[in-house]
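Written below as structure tokens is the structure these notes are about.
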Amino acid sequence: MAYQGFAQEYLGMPVVTRAYTTACVLTTAAVQLEFITPFQLYFNPDLIFRKFQIWRLITNFLFFGPLGFSFFFNMIFLYRYCRMLEEGSFRGRTADFVFMLLFGGFLMTLFGLFASLFFLGQAFTIMLVYVWSRRNPYIHMNFFGLLNFQAPFLPWVLMGFSLLLGNSVVIDLLGIAVGHIYYFLEDVFPNQPGGKKLLLTPGFLKMVFDTPEEDPNYNPLPEDRPEHQPRGHEQQHPQ
């Protein structure tokens, strides 16, 4: 029964969230079983452009470290906020969601060319959290029962938690910066006087990912309703 429940939950995940989280788990499992090593996965511009190890452009987003608290913590947040974005503000717009991921990954890779960053998966997760939090500003959050705040503060709370664990905040700041760039270009600038939409999803992505029909019985999640009014009785928990 437990297996059936897990299989049903897994198959019920939206396609992009399922593909990305599966790739992350399988990559970590392969490292744990010593089929591959992190040295074959990390971001290295010299090996990418001189040795043509192009896979590193992708694999550095898939490895979150060995099995442990940090790995499971990252997986929970990756799964949760990737899914909420895909099923929420990007529902029926899978191509736009994929384009956001590609845009964010491209900016992070550019930054990685000039900094000694080896794995960017955590920054990728923070980017997802940031975009979701800015699109749901009135959601009330509770962090491990210790701290109450509204959604836009969540990326900063996570950065503080990462700092307490002794991690560098550079990765978190990169994720926040890239998330803010996307949010500004997609949600803020087009609505300003003289502004326009600059991020246009390529047609081939729409052909591959978007389906022509939308479920007529779909009821938006409370945090994704267009009115975005405060609801004091609604609470979200990071985990």
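Quick reminder: no glycine exception, Cβ is built from N, Cα and C everywhere.
Note: TrEMBL annotation is automatic and uncurated.
Pulled from TrEMBL, these are the features on record:
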{"type": "TRANSMEM", "residues": "20-42", "note": "transmembrane segment"}
{"type": "TRANSMEM", "residues": "54-79", "note": "transmembrane segment"}
{"type": "TRANSMEM", "residues": "99-132", "note": "transmembrane segment"}
{"type": "TRANSMEM", "residues": "153-183", "note": "transmembrane segment"}
{"type": "REGION", "residues": "212-239", "note": "region 'Disordered'"}
{"type": "COMPBIAS", "residues": "222-239", "note": "compositional bias 'Basic and acidic residues'"}
- Item | Positions on the same chain near the transmembrane segment (99-132), where near means CB under 8 A and six or more residues out | 16, 20, 24, 38, 41-45, 57, 60-65, 74, 77-78, 81-82, 84-85, 88-90, 151, 154-155, 158-159, 162, 170-172, 174-176, 178-183, 186, 199, 201-202, 205
- Within-chain partners of the transmembrane segment (20-42) [C-beta distance under 8 Å, separation at least 6 from its ends]: 13, 56, 59-60, 62-67, 71, 75, 78-79, 82, 101, 118-119, 121
